[in-house]
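Some features that TrEMBL has for this protein:
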ACT_SITE  Ser55  active site
ACT_SITE  His82  active site
ACT_SITE  Asp173  active site
COILED    703-768  coiled coil
DOMAIN    43-231  domain 'CheB-type methylesterase'
DOMAIN    842-892  domain 'PAC'
Amino acid sequence: MAAPRFYLLLPVLEEQPTSAADTPAVVGPVLIEETAVSTHKAPTERFPIVGLGGSAGSLEALELFFVNLPSRTGAAFVVVTHLGPQQSELAKVLQSFTPLLVQEATDGMRVRPDHVYVIPPSHELSLLHGNLLLLAPTQPQSSRLPIDFFFQSLAKDAQDRAVCIILSGLGSDGTIGLKMVMENFGMVMVQQPDTALFDSMPRSAIATEFVDFVLPPEDMPTKLLEYIERPLVTRPPRELSPESKSKPAHALQKIFMLIRGQTGHDFTYYKRNTLFRRIERRMNSHQIKEFTHYVRYLQEHPQEVDLLFKELLIGVTKFFRDQEAYESLRSQLIPVLIKKPADSTVRVWAPGASTGEEAYSLAMLLQECLDHVDPHKYLKIQIFATDINPEGIDYARLGLYPENIAGDVSPERLRRFFHKVDGGYQIRKEVRDVVVVALHNLSKDAPFTKLDLLCCRNLLIYLSSDLQRNLLPIFHYSLNPGGLLFLGPSENVTGFQDLFIPLDIKWKISRRSESVASLTRLANFPFSLTRHPAAPAHPVGIMNASTPRRESGAFATLVQKVLLRYYAPPAVVINGKGDILFVNGRTGKYLEPAPGLSGMNLFDMAREELNFEISGAVHRATQSRQDAVLEEVRLKTETGYEMLRLTVKYLAEPDTLAGLLMVVFEDLSQPKRNPRRKKMSDQEPDGRDAVVVALEKELKYTKYRLQTTIEEMESSVEELKSTNEELQSANEELQSTNEEAMTNKEEMQSLNEELMTLNMQYLSKTDELSQAANDMKNLLDSTELAIIFLDNEMVIKRFTPPVARIINLLPTDVGRPIMHFANNLQHTTLADDVQLVLNRLLTLESSIQTKNGEWYVMRILPYRTLDNYISGAVITFTEVTGMKRLEQELQESARFAESIIETVREPLLALDRDLRVLTVSKAFSTLFRVDGETIKGESINTFGGGAWSQPDLHRRLLKLLNNEAREFDNLEMEADFPEIGHQRVRLYGRRISSQGSKTDRILLSVEVL
């Protein structure tokens, strides 16, 4: 049987049978760029290829990995990360961590051992026959899954040589790809979450339980080299020699026994080759070479039995796997739904449902199909999704899937059938309610019945031929008349063509057959794998009553066959063409095989002397649709002639037999009589007639009893079937009730988890608030400012410790109005000032003094929230005692200087840097008859009617200000002064010094000549 082909979220490039000149195709969400790489598969070198996938925070992990990686490993490394569209320097950065050659991948580049290849920006990367292919993405940056895409191509190309490593990153990229690697017997490593800067990708990978090793990045190279250098496992050959058969075969049986003892599931009838590969993977991960040693390891480590059980159940699934197949199924389902009676239920069974993607895909497809059916029919949907893996069942029941399913599910379906939640999508409750998820072992549990659709895709390929031959009749039995069977693309119904009519050969969609031949194919149910499996059909549907089938376990059926064998006349059932569909009794006296390659046809096989009679009787019965009886038909035998009655019975019911004909051969021959006996008989007609009548009565009675027995047996069989179906229905109702209870439990668990999530969020917010409060406290303490926070009622909300020097507050005073406290201020209107600020929303600032002589600048301003809402007031006190003292000293110094100037008898004039009058002495005011207060601030150039605007004086003053001279003396000038007339004066100029340093002030002394 052909190996299964898997298609996941992002499609894998496969070798095309057509030439490279054919029109290129768009594959999935990416468009293949033109490349010079030949599609012809070149011989692939046998070395491991390691794919490393990471996103945010993965650079540190890559550094730790490559720093600890030796220079010669024999493996190739491909690094795939989430890069922006801009130019990337990742290859150069990684080159500084490792002696291996690091290159940015180019289209068609051949992968070599001990080389590192880095994905370039704005590209998808895949692997085909050992060559790297660059693909132009067609999806937006936020929707691309480059790690999943590469891991899938890596799994298909390298298979058991593939190694995938998932490092730090956000999201779930790589989760689906690692399943493909595991499916193809590769190895999976994941970074230990507590060592990752962002643990979303590692945790998503670990949640699949398909991970071999969870390690810090620095420990991965050592484990990787151990895996690469592992010894090859010696697999037991399919056909073992007598001297070598017992030990490995018995070891394998012991493995099956250990699994069955711990899990209850028997893998004996699964395909050996697949089982060997799965077991080898576990053995290689533990460096175990011999099967017998692994049996010992399983005995000593019960947890390994569970891991092996999960390993054997690995199956890659996704939503709407093979989109074209589902479109074909849609076209076949709509007519089935249209024919369903109103208020009925559409029943579907999906065995091997794994994590539920296939079952929910069917639910969505059926909901869409119902859009094309009369809504007044009120059809209900019930889907049974079953599997033997309890963890997969729990996952399916929850219906929560990662964000990367968006690559398989259209945006319309995502909006209609899913809820967007944190970390992914969840199936809506109305869709989950139609899917009953349950544990069920297909090989030993009772099947679901009265089905309109049975979807068993990519499950039979893992089962042995014997188990397949047992299951297909069960599938036929489970389906309603006209029900559909939906298999995987690599599965078929070979040997059971009489049970199913193919509708789509490519996508393996079939309809249950209702032919008479299919009725003879009784399913072995309940069946045991220790019995013989159901045999495939013969070229023509014949079942000889002389060789009853031992595998039929129904007592009534066995009794019926015995009765038919000994009491029913030989008969055959034919169609209108004479083809024999069923044979009862020994017909060798009437029929014989025809020479040549002719089929089983009544007209070809009838004895020569019967051919005419049979043809005529069949013709009459067909035309009249009534029974045709021929009495005393002569049949030549070796001892003479025998008389027989030939009956052709037209079958009008049941519906499955309507239109068929039953040809019955009844022997009427009597023993030979001598002439004397004949004469005596002629003379005694009454005696002869009595014997004949008695024999006829006995024959009729026998036929009647036989027919009664047959009908009773049929009735018993029907009653048993009805009882079985009622039990099945009751069982399904119980399962449905149980599922509802489980659903309610899950909803409660979901609510509890939501509450826990909210609680965690509140705790997180509390921590943030606590941190903010700590930051605020330290900030306020570091400012050493006295600050009081009030609400709109002037109640204290918070204050800083320095406030205690102004208002005697304690920590317990928070929550009390500020008016209740006496303060140390010589300011009695504090509360009124706060109320004024709250009323007018202004900022108030004033200098206040405490009773002990300290000075503060008090600022009162509204307390505004981030939403610009006034929620109180803030009072700040900034101590300015030192500044006040300095200000007072300056004022005193100024007054002292002014007093000196007033005391000196000489006329003095003080100027600032802009040559404006600062002050004049009393002598100056008297001499020039000016008011000293009036002329303050006036420029010397305009003062006195411009009399002081002398170029020489102006030049001397500028030199003093520019430090070009320290003083000037004896500057004589003449001018007309407004009040005293023309005068000749002598001037002396000095820059005023303060505490040893010069100021920007000038003092002029005036002497009248």
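Just so you know, glycine gets a Cβ as well, placed from its N, Cα and C.
Note that TrEMBL annotation is computational and uncurated.
Its own atom aside, the Cβ of His82 (active site) has 21 Cβ atoms within 10 angstroms in the protein chains shown. Of all Cβ atoms in the shown protein chains, 22 besides its own fall within 10 Å of the Cβ of Ser55 (active site).
Looking at Asp173 (active site) and Ser55 (active site), their Cα atoms lie 9 Å from each other. For the pair Ser55 (active site) and His82 (active site), the C-alpha distance works out to 5 angstrom. Counted with DSSP, the domain 'PAC' (842-892) comes out as 12 helix, 27 strand, 12 coil. Using a 10 Å Cβ-Cβ cutoff, Asp173 (active site) registers 30 neighbours.
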